[in-house]
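Going by TrEMBL, these are the annotated features:
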type	residues	note
BINDING	Arg75	pyridoxal 5'-phosphate binding site
BINDING	Arg97, Ser98, Gln105, Arg313	substrate binding site
BINDING	Arg271, Arg398, Lys463	tRNA binding site
MOD_RES	Lys284	N6-(pyridoxal phosphate)lysine
REGION	1-20	region 'Disordered'
Amino acid sequence: MNPESFAAGERRVSPSYVRQGREARRAHEHLIQLLLEQGKCPEDGWDESTLEVFLHELAIMDSNNFLGNCGVGEREGRVASALVARRHYRFIHGIGRSGDISAVQPKAAGSSLLNKITNSLVLDVIKLAGVHSVANCFVVPMATGMSLTLCFLTLRHKRPKAKYIIWPRIDQKSCFKSMVTAGFEPVVIENVLEGDELRTDLNAVEAKVQELEPDHILCIHSTTSCFAPRVPDRLEELAVICAKYDIPHVVNNAYGLQSSKCMHLIQQGSRVGRIDVFVQSLDKNFMVPVGGAIIAGFNDSFIQEISKMYPGRASASPSLDVLITLLSLGCNGYKKLLKERKEMFVYLSTELKKLAEAHNERLLQTSHNPISLAMTLGTLDGQHDKAVTQLGSMLFTRQVSGARAVPLGSVQTVSGYTFQGFMSHTDNYPCAYLNAAAAIGMKTQDVDLFIKRLEKCLNTVRKEQNKASVSGVDDYDRTGDVDIEEMALKLDNVLGDKDQ
């Protein structure tokens with residue numbers, strides 16, 4: 001309602017009441033005005049009424065919501081289902097134009113404003129999380145793997161002779177396929193074992209750069225967030241190598257935005273060497289539905305080049321989801337989640353260590369990994385080659401998601417490349433192990449329930465092992481009412497395709 005509408009209302013209702021209502025609306029409008037002027041995430045989260053006022057005001061700026069609009073084109077924001085329209089808050093036109101995902105749409109001023117504000121808020125949060133010198137970023141409606149592909153395709157135009165991408169090994173299919181899909185040949189650099197940790201082999205990376213010659217290398221593709229016992233790559237040292245040989249550096253920061261350690265590595269890498277772009281998932285870092293990522297970097301013009309490489313318009317759903325989430329949380333709410341995640345990591349580490357020791361196992365020492373933990377399963381693997389897989393299957397059927405039981409000697413072929421010891425990030429890790437991660441949003445009760453169920457599963461597997469050893473019959477696979485062999489196969493497929 002505008003001032004004239006309020007004045008008209010005063011002729012029908014007591015003016016003092018109307019003025020009170022007008023002041024209440026001004027409180028909403030003031031928050032919206034600050035957001036549009038500053039483009040920063042508010043310190044405190046908005047309530048739902050303010051959010052709905054803001055989204056409604058934006059939506060009615062799009063042509064499909066104009067009263068009396070007459071659309072005669074092939075794409076006029078028509079929606080057959082009212083439920084679908086409400087699900088999207090009537091933002092139907094998407095974001096961007098055919099030549100640039102960040103461009104403004106003449107038909108959709110509201111959606112365009114939503115896109116600009118979302119990118120601005122996400123940039124603010126990246127700085128809050130530790131990468132203070134980031135220059136630009138944008139939300140893209142693709143998950144991490146395809147977003148990495150978009151970055152590689154953009155670099156192709158800058159390096160026409162390039163054929164290879166140097167990639168310190170991480171056993172996760174999406175990031176490997178992102179390079180193959182872009183038309184490049186991944187050059188896998190095996191990790192080195194330092195204590196329990198798998199770390200970047202810097203000498204092997206530099207030797208391969210010299211062997212292949214810098215002009216033939218598109219980039220070095222490094223990783224921050226990963227499953228223990230692998231730890232984040234040595235980003236600072238890799239950044240120095242990239243600067244020395246003038247090779248671009250792309251960082252897969254999938255769920256690293258929630259970790260101050262991962263963000264510090266990126267900040268330091270950009271300071272001492274070269275990092276061109278870093279990509280992170282929306283769902284893993286902001287607890288929104290799967291389907292979006294953030295592409296960010298330290299060179300504004302290069303990030304704009306990537307946005308222009310995206311063909312066609314794009315869905316506004318990921319942008320809308322993260323906008324609503326950040327405005328609901330505010331900076332203080334998001335910082336609280338980051339703090340709680342660190343506390344959960346310590347708690348999970350403590351409880352998992354106690355459980356491991358009670359079963360003659362140990363928690364692997366992976367201090368450089370700030371999110372993922374691993375405990376050995378040496379006693380299981382030493383007794384029976386199927387016991388580790390059985391444990392993973394039992395956890396899965398008991399509704400424990402996210403845990404990974406990693407046996408020795410798994411072999412997996414991905415896009416024509418065969419990985420020995422797949423899921424363990426190296427050909428021959430010394431022991432089988434179980435992974436668990438303390439990611440954003442985890443609660444104390446999640447840890448407690450996981451430890452309780454893991455304890456029961458370990459006890460059950462060991463009982464079946466003892467029974468088999470006494471009877472001499474290999475029948476422990478029949479634990480419970482499920483076909484363990486079948487569930488193990490399903491679990492392997494789920495874990496193999498799982499996007500980090």
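Including glycine, each Cβ sits where the backbone N, Cα and C put it.
Keep in mind that TrEMBL annotations are predicted by a computer and have not been checked by a curator.
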Do you know offhand how many angstrom separate Ser98 (substrate binding site) and Arg75 (pyridoxal 5'-phosphate binding site) by C-alpha?
13
Pairwise C-alpha maximum, in angstrom, for the residues (Arg271, Arg398, Lys463) that bind tRNA according to the record:
55
Arg398 (tRNA binding site) versus Gln105 (substrate binding site) - Cα distance in angstrom:
49
For Arg75 (pyridoxal 5'-phosphate binding site), which residues in the same chain are close in space, meaning a Cβ under 8 Å from its Cβ, but six or more apart along the sequence?
His93
Please work out the number of neighbouring Cβ atoms within 10 Å of the Cβ of Arg398 (tRNA binding site), leaving out its own Cβ.
13
Taking the recorded positions one at a time (Arg97, Arg271, Lys284, Arg313, Lys463), which has its Cβ surrounded by the most other Cβ atoms within 10 Å?
Lys284
C-alpha spacing of Lys284 (N6-(pyridoxal phosphate)lysine) relative to Arg97 (substrate binding site), in angstrom:
28
For a three-state summary based on DSSP, what are the helix, strand and coil counts in the region 'Disordered' (1-20)?
13 helix, 0 strand, 7 coil
Cβ within 8 Å of the substrate site's Cβ centroid: which residues qualify beyond Arg97, Ser98, Gln105, Arg313?
Gly94, Ile95, Gly96, Gly99, Asp100, Ala103, Gly312
Max CA to CA distance in Å over the substrate-binding set Arg97, Ser98, Gln105, Arg313?
10
Can you tell me how far the Cα of Lys463 (tRNA binding site) sits from the Cα of Lys284 (N6-(pyridoxal phosphate)lysine), in Å?
37
Just how many other Cβ atoms lie inside 10 Å of the Cβ on Gln105 (substrate binding site)?
18
What does the structure give for the C-alpha distance between Arg271 (tRNA binding site) and the residue listed as 'N6-(pyridoxal phosphate)lysine'? Integer Å is fine.
26
Among all protein chains shown, how many Cβ atoms are found within 10 Å of the Cβ of Ser98 (substrate binding site), not counting that one?
10
